[in-house]
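Please read the structure below before turning to the comments.
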Amino acid sequence: MNTTISNQTPHIRIFDTTLRDGEQSPGCSMTPQQKLVMARALDALGVDIIETGFPASSHSDREAVAMMGRELRRPTLAVLSRCLQADIETSARALETVANPRLHVFLSTSPLHREHKLRMSREQVLESVHRHVTLARGYIDDVEFSAEDATRTEEDFLAEVTRVAVAAGATTINLPDTVGFTTPEEIRGMFSRLIASVEGADKVIFSAHCHNDLGLAVANSLAAIEGGARQVECTINGIGERAGNCALEEITMALKVRGAFYNIDSAINTPRIVSTSQLLQRLVGMPVQRNKAVVGGNAFAHESGIHQHGMLRHRGTYEIMRPEDVGWESSQMVLGRHSGRAAVERRLRALGYLLEEEEVKLMFEQFKALCEKQRLVTDADLQALMQDATVQEGYRLASMTISDVGSRANALVELSDPEGNRVAETAQGNGPVDALFGALASATGVKLELDSYQVHSVGIGADARGEASLSVRHDGVEYEGTGTSKDIIEASALAWLDVANRLLRQRERGVIAGKTAAVA
């Protein structure tokens, strides 16, 4: 294997550690089969290196790498090992069937870790690094060494550790910000100085592994790239211990969107980002927050009227990347109390409603009133408002009372007729809906034969509404109606009136389905 790699290459290697460091996030453990499913997605995404686990820690991790090794032939598959002979030997055995194996060994280097965790001197750390990197190279040509807690390590000692690891045969040097402590300026300088000063640095790849404890994982990783890093270790959705790791979707899109600035690319197939993110969410049961960059539900959603108006003119006014480039179908114009009339009118037009100026004004007033009752307004809500407006031209539901006692149900409905008069009727039926429809038929004089009837929920959470859909016949002609309300019985009444009022309007025009009107 040729390990002479130029750090001047314009390609950044994406080392995904979702299946190792990411899985260490509380509650995110995966079975070997789940890891294989995720690894397939990472392969399709174009990840260069997949860290599969920590074979010395469990049989499950050993089984997972074996399963991946039998199936995945393109990406490099890495496993993690402590600087212990037994760990390295176990890892080497786990990699025997892997087409492109990498053995990743690590040892803490900071004074805090040396004193309290390892109880080792500088000299002992250097000796261990040399011995175990050499041992690893005896098994695998591709060896990565990580100086754990590198960003809190004295820089002169970190340079010495790096020199020893390179001399022992490491092909990748990883400098982790293990506890998310550093800043972009600091990590940029650290990489730049080490790459410039360590003998043999031009023969290896330098790698960044940043945690997000201060919310700087992506920023620090980008700064490390500016300092000369040519591998970034990251996870899907940024999952990982404590506050997580550098998020793959964020760093790859930062490099793509700001390509002219960074002048470096990755092999990531970005239109697969969202589906990969959603797969991980399902596998580990950890959803991302709605405002999560790139993959959150609000990443390409716009509610503000000013922003929506700008988006309608030119999407570049408020979006720096296309949703399609990361796997979303399109941008979302979220309708809520901040939305303007132009966005509401556009959405109504998309739903098939062509309104006059006065009608748009009235609908927008009704829309604003609805926004005071719920956070978001869906397409179903807009359609319900349009139905309400339509119903106002005919019979409107004023009130209803339903009682279901014994084998028969009773319904009392009160309607406002087209002239504004009140009409009240009662009926009995084989259940609440049957009684309701009977009372409505008596009140309107419209007889409908019910073919099918169903209700389902529309909307989200507390804003959910019941939608009733029915198919009926009148004079042998089939009609369909829908109604939406917080109450499913009321929604059923509105669906029935939707059809009845349509028939009455057709009667006024003198024709129903090609026949002279006779609604009775």
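The backbone N, Cα and C atoms fix where each Cβ goes, glycine too.
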Which of D21, D417, D434 belongs with H209, H211, N245 in the Mn(2+) site listed by Swiss-Prot: D21
Residues that sit under 8 angstroms from H209 (Mn(2+) binding site) by C-beta distance, when 6+ apart in the chain: F15, T17, D21, S146, N174, L175, P176, D177, T178, E233, N245, C246
Fewest-neighbour residue among binding-site residues, criterion Cβ within 10 Å, set H211, N245: H211
Mapped DSSP class for D21 (Mn(2+) binding site), helix or strand or coil: coil
Local Cβ density at D21 (Mn(2+) binding site) - other Cβ atoms counted within 10 Å: 24
Confidence summary for the domain 'Pyruvate carboxyltransferase' (12-274), mean pLDDT rounded: 97
Residue distribution over DSSP helix, strand and coil in the region 'Regulatory domain' (396-520): 38 helix, 60 strand, 27 coil
